[in-house]
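For reference, the structure I am asking about is given below.
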Amino acid sequence: MSGPSIGVLSLQGDVRENIGMIHTAISRAGVGGSVEQVNDASAIKELDGLIIPGGESTVIGGLAGGELLDVIRTKVRGGMPAFGICAGLILLSKGATDRTVGRTGQPLLDLLDVRVERNAFGRQKESFETELSMTSCGIEEFRGVFIRAPVITEAGPGVQVIAEYDNKKVAVQQGSVLGVSFHPELTNDPSLHQYFLKMCA
């Protein structure tokens, strides 16, 4: 049975973990589908959905380059679902600042009508885990793993906030674009990847 073709942008970050989560989501859903790592424009053009994993957002933006970012932007604006995780959320945003250095000037996709603050909870040593609820996604409980995580400081009227922590926005959805501050691939819970798979079906 055929199903959606999901790509994980493999320039940086937890690529294998996200691929594993999508494999689990496909298996649990009992549907067809495939997942692969992608890093060039021609491969992205063939996808039904794209995951942009965590890492260093300024590096990802630089490595991606103009053509790759343009193809992602065109595909997503044409309706392809995208899922940005941590640095991937930053890349999808329309504006980013850093807690320490202010404006970053990094390349952004401007696909989510949000502004974000990088490293909002502090650096690596301030990493933490906490329980979240995403009832609008059908997920009552989810373990959020926050590692040098951003927060969403502004969200436009078309953006649905799907999770908050300490009165801070940490997960949003705008149409077919999903963005989270935390790392769902570092848990044993594929619920959020299953939700994204449904978006791509």
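Backbone N, Cα and C atoms are what each Cβ position is placed from, and that goes for glycine too.
The L-glutamine binding site annotation in Swiss-Prot covers Gly55, Glu56, Ser57, Arg118, Ile147, Arg148. Annotation source Swiss-Prot lists active site, nucleophile at Cys86, citing sequence analysis. Residues or ranges marked as active site, charge relay system in Swiss-Prot: His183, Glu185.
Could you place the listed features in the three-dimensional structure?
Reduced to three states, the DSSP call for Arg148 (L-glutamine binding site) is coil.
In the three-state DSSP reading, Cys86 (active site, nucleophile) counts as coil.
Shown in sequence order, Asp14, Gly54, Ile85, Cys86, Val145, Phe146, Ile147 are the residues of the chain, 6+ apart in sequence, with a C-beta less than 8 angstroms from the C-beta of His183 (active site, charge relay system). Secondary structure at His183 (active site, charge relay system), as computed by DSSP, is coil.
A sphere of 10 angstroms centred on the C-beta of Glu185 (active site, charge relay system) encloses 26 other C-beta atoms.
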Which state, by DSSP, holds Arg118 (L-glutamine binding site): helix, strand or coil?
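Strand, per DSSP.
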Find, among the recorded positions listed as Cys86, Ile147, the one whose Cβ has the highest number of other Cβ atoms within 10 Å in the structure shown.
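Highest number of other Cβ atoms within 10 Å: Cys86.
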For the C-alpha pair, I'd like the distance in angstrom between Glu185 (active site, charge relay system) and Gly55 (L-glutamine binding site), rounded off.
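Pair distance, Cα basis, whole Å: 13 Å.
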So for Gly55 (L-glutamine binding site), how many other CB atoms are inside 10 Å of its CB?
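I get 20 for this one.
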When a 10 Å sphere is centred on the Cβ of Arg118 (L-glutamine binding site), how many other Cβ atoms does it contain?
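I count 22 other Cβ atoms within 10 Å of it.
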